[in-house]
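What TrEMBL annotates here:
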{"type": "TRANSMEM", "residues": "26-50", "note": "transmembrane segment"}
{"type": "DOMAIN", "residues": "41-290", "note": "domain 'G-protein coupled receptors family 1 profile'"}
{"type": "TRANSMEM", "residues": "62-81", "note": "transmembrane segment"}
{"type": "TRANSMEM", "residues": "101-120", "note": "transmembrane segment"}
{"type": "TRANSMEM", "residues": "197-216", "note": "transmembrane segment"}
{"type": "TRANSMEM", "residues": "237-260", "note": "transmembrane segment"}
{"type": "TRANSMEM", "residues": "272-292", "note": "transmembrane segment"}
Amino acid sequence: MEPRNQTGTSEFILLGLSEEAEVQPLIFGIFLSMYLVTFIGNLFIILAVITNSHLHTPMYFFLSNLSFADICFTSSTIPKMLLNIQMQSKVISYEGCLSQIYFFMVFGRLDNFLLTVMAYDRFVAICYPLHYTVIMNPKICGLLLLKSYLLSVLDSLLHDLMILRLSFCTQLEIPHFFCELNQVVQLACSDTFLNDLVMYIANGFLVIIPLTGIILSYSKIVSSILKISSAVGKYKAFSTCGSHLSVVSLFYGTLLGVYLSSAATQSSRKTAIASVMYTVVTPMLNPFIYSLRNRDIKLALK
């Protein structure tokens, strides 16, 4: 295959989850339903937090931003997928592919950082309850949110700029339903060592370190709860972080599942199907987890 630089690359082909024509309407219906549930569910969480003064606390401030990130996360991929199925097209432009990678990574990283910040919030609330309002004041909450956005934007911008240096071959088929960074890099004809290095380093710092922070926070939380003598006190303490712990387990569990499935199989199509869990299912379930396990949210929604 003759290589050509990115200025000559006008479009990519998204192969999707299945190439069987008779399955496309079913895929369209399922993903449209999941997208609407995700959008409406997370929007209700945001509106509940904004309109109810009892929810104007750091925990719900970060929760509303997590819901916003989930809406944008799914909106970066699913609408284009639905449009392609409806138009019976698999094409995405070069610029559209780069934009999709950028916004997908921005809000994916933001999810990661917000879950870490929320774990820190629960750590302060349970381990230092008397100092909670001082430590988690509005200024600190704003700075934590701003840093989360900045790190997400800068990391995503770096990866997009790294793609611009690559030359692509004439075979531009992506075995996925969206432009996934690793899949796009693998299509390049030029040397991708630097791109791979940046990806590994970024994942090391921006995924492993936040996850370590979450684990350390919850180890301290569990240690503090076990010191509470009252069974009722222990239950109340556990209930304040139960929803967040469920979302963290779902988010990182599905990510780990996709990583293990991609390592165990050579089929990119199977990896694409597995990635549906963290790209669509997890953002869809988050509002249900918080609303079903959280009394304040249930009252606000009513």
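A Cβ is built for glycine as well, from the same backbone N, Cα and C atoms used for every other residue.
All TrEMBL annotations are machine predictions without curation.
Sequence-distant neighbours of the transmembrane segment (101-120) (same chain, 6+ residues past either end, Cβ-Cβ under 8 Å): 59, 62-63, 65-66, 69-70, 72-73, 76-77, 144-145, 147-149, 151-153, 155-157, 159-160, 163, 178-181, 184, 206-207, 210-211, 213-214, 217-218, 244, 247-248, 251. Mean model confidence of the domain 'G-protein coupled receptors family 1 profile' (41-290) amounts to 89 (pLDDT, 0 to 100 scale).
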